[in-house]
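K.L.:
This structure is in structure tokens; I'll ask about it shortly.
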Amino acid sequence: MRLQSLLNLVPAYLLYCSLAVAQSIILDDETDAFINNVLAEWNSPGGAAVAFVMKNDQNQWINVETKGYGQANPDGRKITEHTTFNIGSNSKLFTVLATSVLINNATLSPRLDWHTKIKSVIPEFNLTDPIATEESTLLDLMTHRTGYPLHDFSYRYSDVATDVIRKLQHHRQSAEFRDIWQYNNNMYVILSHLPELLVGQPFGRYVKETIFEPLGMTSTTYSYQLANSNGQRADGMSREGIDVYADPFAGTPRATQYWTSQTGGEDGSVVAGAGGVITSAADMAIWLQTLLLDGVKPGTNQSVIPPGALKRAVTGLSVQSGQPEWPENSLIAYGAAQLQITYRGHLIVEHGGFIRGFNTQISRLPNDNFGVSVLTNDHEYGKVIGEIIKNHIIDKALGLNPIDWNSRYKAAKSIPPVRATPRPENAKPPSANFTAIAGVYNNDGYGQFELCLVTPEFHNIAANSSCAEVTSNLTTILPGAVRPGIPTLVAAVDSPWFSHIRVEHFNADLFNISLLISTPTNDTEKPFWTFNDKSASDNAIIAELNVEGTHIGFGFAGFWAGLWDGAEAGVPKPPGYTVRERAEAGRDMDSHAQLPIGIRGLTAKMGSRLMASLDLDTTTQSSSTASIVAHVPRKRLLSMGEDSMGPTLRKRPRISLNLSAEFQMQLRGGSPSVNASHLDRLPRTRPLHSDDFDFLSASHHARPMSSSSSFTTASRACSPGDIGDQPGSSAFISRSGMALMRSVSSASLSSTATAGPSYPESSAKYNLRNTKFTLDFSLPPAEDHLPVSSSLLGCSSQNVLFFSRGNRVHYKSTGTSEEIGQLCKLQDSHGDLRIIECGGADQPDIVALGTSKGLIQIWDVQAKTKTTSWSTKSVTAMRWNGPILTVGGGKGTIRHYDTRIAPTSKMKEQVRKVTRHQSRITSLEWNVDGKILASGDQSGTVYCWDSREKVPLDVGEFIQRRKKMQHPAAISALAFCPWQSKLLASGDIEGTIHLWNVSASSPHSNAATPGKLELGAPITSLHFSPQCKELLSTHGSKPTPATDTTTTAIATTTTTRQRSNTNNSINSQAWPKVTMENSIAVHSYPSLRHVTTYTLSGKPIVSSVLNAGGTKIVLAVPDEGKISVCDVWSKRKELKRQPSFFNSTIR
């Protein structure tokens, strides 16, 4: 009885302890000493201002604390809670929430919502990607999902929002729309334009009146003048002369130049919406309270932020980082200017901000009811110092044993970067002499500047040149910027990011680029210092000279990351063999002839190799042919990207390419068509590119194409240079999904027919064979109402094979001589085993089992233990997507179980369900990046689902005025392509295979031409090769014997496919209905040419899996009681190429 009484006191004691911790002061003497010690150890020239707030569950504020540490400027003025800092990208949340106020504005007509398309509000919004142009929404701009990287250096001090919008159409895209997260400040400039456009109020004043003033944030502003007027503004501080190899923490303390315009009044500058807020720790305490109260002003019931806006902003739509930075952290889910991360098991909602001289972190733990803000004015290490302080305060507020973050970060930053490669002593000269390289350069997306030759010294400067001023006082305003013995050019630029661009010759046509800032000091002996000169280690930006005749240009690489640490993560670099292809940004010396963007008929994006407009011209051709006219510029521009074209079409030399009537129809938007009899006779192809044309000077005339040139169509591929069936073939794809290719051979198609198709070495044509490796295998009893399962075979990412013997699950490592092991035996009460599903590469030791009675079990293979189990109504299909187990049921419901949630009862409560199917789910498949789920059912319907949505994507063929993915019979197999993530193959029990482009933004239903195969025998599994462009299908037996003599198994290497002559539509093609009963069939992509067929034993193949490397296929043949293994594809041999200069460290 006494023990029970004591136990009853435990909850009250725990509550008392937690309140005691919560009510204690966080910014106490211990914290003060800790922060001051961190600033001293990092030799910080600046300091930090900290805000901490905590509330209880009744929304009563227990802690509201603010303090300052360190110095605000070079004169030693101390930082207080009222000192103001520029908070960089933490400004973006104000932009998002100001937009939410517009969304909440009922007087606007039409009303805005989060999914309003930008083009409908700003008609001038044009990108190089027409899909992103038409489909980008407010939320896409907020969440950095447009497919465009930073392009920060395109800003000029004099720009306004409309200038930024105009420049967007010349910026190169680095990823597909909505494919990956890529930071982009330009899009926040566009968002900041909305208040002026919709309510006639400049952005800065709009945010002030709707957010700052209602909350009482009196020291918060976008105005440099206002912040500077009361003596509270901190300077951004840096270290002059820092040597990261001798002492990374040393250097002379210097103030940096304020990063953006110092004029503009309370509206700030053009980049206000992206990073213009100036504020204090005192105001950040109010802001943290407001965020924790979901937009309600603290101490009142007034909602300043519209209800639901913060929830929308916080909701993660993209994975920002591929792996956690520290073991205590999780992956980062990014929403709209807010990210979610866990720290030691606690959810943090936060965002960072970096701008020259300032680093800030504003974080809140909504489940723990507190928030912390750290504002620093240390350029080099402010981000790290802020993280150390933030984590220390969080540990203290949570009552956790503190982690020594200071030592961790100090150790990491003490490792010096790799030294840049010194310039060769015998450096080769560039293709043009240095005096010729000097001059005015222009890019429509980035603007104009004049490169002035500084060394070797050049005296013949034109009267109208800016170079006289640049060179006259260069050693004064940029001390140490010109290094002896290195040919150097310098340009003055009115950019917020840099005042001068330095171009130093490295070797041959390669140059190093430095973005320098001439920064005033208060020192009369040294009136300026050079900021951001990292000659010893910085190889971030490189230029390659491009000389064509008398025309000169530069291709720049490294611009996409800007000056933002980590912004380049995950951003693909432009591939290519030419300067034009590799350039993220380009500068051209003579920009008078601009390239057209408004084109009649067709704009074909043939890669950056051919910067010409293609114009459909049928007025001078007969009915059987058409001409593509290439308007070639008299002087080629080194442009920002493949679609960087100017606004008008001018008269230029023209190249006429004769096309067939079939191709005419495709250009006019008709149904895609291909002469089927040509499919097996196409010669090897290469892309049509600039080397095919003579246009280096105005006097040269275009060379006409041979009349024997041939063309074919292909789908958009996952990467340039990896399209088509032939080894070595490539194509550059138009936005309409069409590839334009020219034959290498000058002979006609008919003359090449005898050569036959060729295949890559990795093809199944040369590798498909039986390895003679077998295992005993048997299925559990089939119940009357369910067909025999085809999912009792699995292979892990570690090449461990899992298979059934009745209701027992066994495993065998295919890479070792270990004996077969038994994982488990299902009890009779559980029902019969129906599905074995192996975890992915992120959980290779996990296997899920499903039974006929709806039981799901998850097993840890290493421990040979069942980790969890639960029951659902029925289990007919399963697929893993990371830790999410997707389960299809007998009535068409799909459930997503997050197996990280414990206990199991809570996981079942939080399961996410989607419903659209009207019959039993027969197959599930996630695409390679885990963003799209395909599901097929017994009625032959296929749906594709965005992982974040509850309704299927609007994809497929138009059937009765709506898009639909429909088969004539039950779906038996689905497969996503590993090298083209939105290409789906679906197969049914009658032997039909469909290929689909499941991009919701694509107008095309089929991703291949042709997009359908009739194979005459049930499809039991489908696999795209990861080694080459081939599709494999396995087949069972038809329910009744075939009576048609044409349904014999194919054993030949090629098949002639006759095409109906009734019209040009692919739907009218009369493909012979052949059968592949009990066989393995392989077809090439995109032509769907038959490659090979292999019959293993004459018995039905009920399922198959590929090994982890994609070179072997494991086949289940229950009528033989065997599992067999065949070689199918060999490893692709990579081309041996010289390392690109982008992969080298140059200095």
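Here the Cβ of each residue, glycine as well, is placed from N, Cα and C on the backbone.
Small disclaimer: the values here were computed from a predicted structure and weren't measured.
TrEMBL feature annotations, pasted as is:
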type	residues	note
COMPBIAS	704-719	compositional bias 'Low complexity'
COMPBIAS	1040-1056	compositional bias 'Low complexity'
COMPBIAS	1057-1070	compositional bias 'Polar residues'
DOMAIN	66-380	domain 'Beta-lactamase-related'
REGION	702-730	region 'Disordered'
REGION	1033-1070	region 'Disordered'
REPEAT	914-946	repeat 'WD'
REPEAT	964-1006	repeat 'WD'
SIGNAL	1-22	signal peptide
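Structural setting of the listed features?
P.N.:
Packing against the repeat 'WD' (914-946) from elsewhere in the chain are residues 179, 876-882, 886, 888-894, 896, 952-953, 955-956, 964-978, 981-982, 984, 986, 988, 994, 996, 998, 1000: each is 6 or more residues past its ends and has a CB under 8 Å from a CB in it.
Helix, strand and coil counts from DSSP across the repeat 'WD' (964-1006) read 0 helix, 21 strand, 22 coil.
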K.L.:
Is the repeat 'WD' (964-1006) packed against any residues at least 6 beyond its ends, judged by a Cβ distance under 8 Å, and which are they?
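P.N.:
Contacts with the repeat 'WD' (964-1006): 131, 134-135, 177, 179, 672, 715-719, 722, 737, 790, 922-929, 931-932, 934-944, 946, 953-958, 1012-1024, 1026, 1029, 1031, 1033, 1035, 1038, 1075-1076, 1085, 1088, 1110.
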K.L.:
Give me the DSSP three-state residue breakdown of the repeat 'WD' (914-946), ordered helix, strand, coil.
P.N.:
0 helix, 20 strand, 13 coil
